[in-house]
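Encoded as structure tokens, the structure appears first; notes follow it.
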Amino acid sequence: MAALGEDPLVLDAAMGTRLIARGLDPASDDPCLWCLDRPEEVARVHRLDALAGADALTTNTFGANRSWLSRFGRSDDAAAINREAAAIARAAAGPDRLVLGCIGPTAGSPEAERDQARALAAGGVDALILETNATSSPIGPRLSLLFAETGLPLIVTFALVADDAPLPPLGDGLDGVPVRAIGWNCVPPSRAVGLPGRIREPVGLPLVLQPSGPWVGAGPEIEPAPETIGRLLARGVRLFGGCCGTTDREVAALRGALGPRPPLRPPE
């Protein structure tokens, strides 16, 4: 596989909003629970993104930790959900796509997050992606802990609070911790495409961009994907995907803009 964070890669699109469109009620249910309760629906979403040209599929595990699942009375299912989510994604990915183990910001404790990471690693994911982090919270210690527990490469994305909010420093003590990329997710498309150009100081890592809602090739009001992607590549973005509200349509547009999928090799 193209080295994670080096060559441009197409990530997948949103899982939760597509499951809501298929009948999930977020008031009483959670997307990750469908890995056990309705796995065929989760697999369907993964297959759509794979067919659209994604290089990596992300596990349906944003809230799959004991703390978050306790509100649904399902905390004891956390480990099984993560392992099953990894298996579902791997089956859809086949031998030539990455599977990224998703960890959201809802764990509430290092122990709950560590347990989730262990279960994802046991399920066979290729890397961990920590999504929707707050720029105000130190993340370096979390990265060190998760790498120590799993030995897996790491990707980190932050939710944007202000237009000019810088990407936070990852912190000290990360020597030898394989952080492969850093960037943003869950950002409105109108703000997302300008973010890489606002970085005042180089972060020393490839950038990730996963806007919410249609943002490439979605209509005449949005610039055609090749021009948009070309500018983002020049500004250091290497991982492109979508967050809430995106579908395989965005994945296909990104694939068309970036060209054929690269030769594959396992991440290091």
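Even glycines carry a Cβ here, placed using N, Cα and C.
Zn(2+) binds C243, C244 as TrEMBL records it, and from the list C102, C186 the residue named for this site is C186. Working note on the binding-site residues C186, C243, C244: by count of other C-beta atoms within 10 Å of each C-beta, C243 ranks first. Listed in sequence order, the residues A14, T132, N185, V187, Q210, P211, S212, G213, G242, G245, T246 complete the 8 Å Cβ shell around the Zn(2+) site centroid, once C186, C243, C244 themselves are left out.
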